[in-house]
């Protein structure tokens, strides 16, 4: 399947390896395996705390597989504690150093909720409350634009922003966001936000594309849902392959996470079959419509994104 074109003319591969929750000691081997199979997109983030290991694996794999840096698309994300203008570049430079790169292909603002700057990812006060901060999105975005000017990143974008927040950036930006990364899967199709983002020229990446079955005890496991199994059986594919194909046919980018070699390989074998319109409708409508990643500890902030419909 062809890469998708972003609004700045650059291309983004439609399937990448997600690295969230990939344990140290395992993520490096997963990256190497993915690149051997044919993945050309890695989805990383400062918050995942594994970029140094990914960087080492990437450097070694580029040599052993005789790949050039420009053959691989690397995404990373600015964490919430680095929203003040004086911290944006430093955060990006730290990610580049860990990943052993001169530039990122895509740098996203990870969440729209600023947190107090400091050593902790989730800084807390003496009462154990999350230390929220107030930094206008536009101030952070201007610094993101400077990273493009200086060649540290090729494209910039947003993650977990809602329609109002995206509109605000679009109205005041010099460089448009090229990509929006949000939770999308058959249990949370996020149709309205996807349609809006695509209508204003953003490519959209689906995180948790298999539905995050382990995120909470009460979450529905899409991989064992009878109606998903039935579609998979029809196509002689795994449930995971069906769930990924569903998103690809919606013109989305997918970043399934795995450190299991067999699954990494299976997740890449999604280009040799087509879901029917009826099956797409089923996948759009039959799920529980439940968001899994809510980060409720941030819900007291005025920029918490999930108070609005989309």
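Just so it is clear, glycine is given a Cβ too, placed from its N, Cα and C backbone atoms.
Under the heading domain 'NADP-dependent oxidoreductase', TrEMBL lists 15-284. Residues or ranges marked as active site, proton donor by TrEMBL: 48. Annotation source TrEMBL lists site 'Lowers pKa of active site Tyr' at 77. The annotation substrate binding site is assigned in TrEMBL to 110.
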Item to check | Rounded Cα-Cα span from residue 77 (site 'Lowers pKa of active site Tyr') to the residue listed as 'active site, proton donor', Å | outcome: 10
Item to check | Where the residue listed as 'active site, proton donor' sits in the secondary structure, as DSSP reduces it to three classes | outcome: helix
Next on the checklist: For each of 48, 77, 110, count the other CB atoms within 10 A of its CB; which of these recorded positions has the top count?
Outcome noted: 77
Checklist outcome for this item: residue 110 (substrate binding site) sits from residue 77 (site 'Lowers pKa of active site Tyr') (Cα to Cα, rounded, in Å) at a distance of 5
Checklist entry - When the pLDDT values for the domain 'NADP-dependent oxidoreductase' (15-284) are averaged, what is the result? => result 96
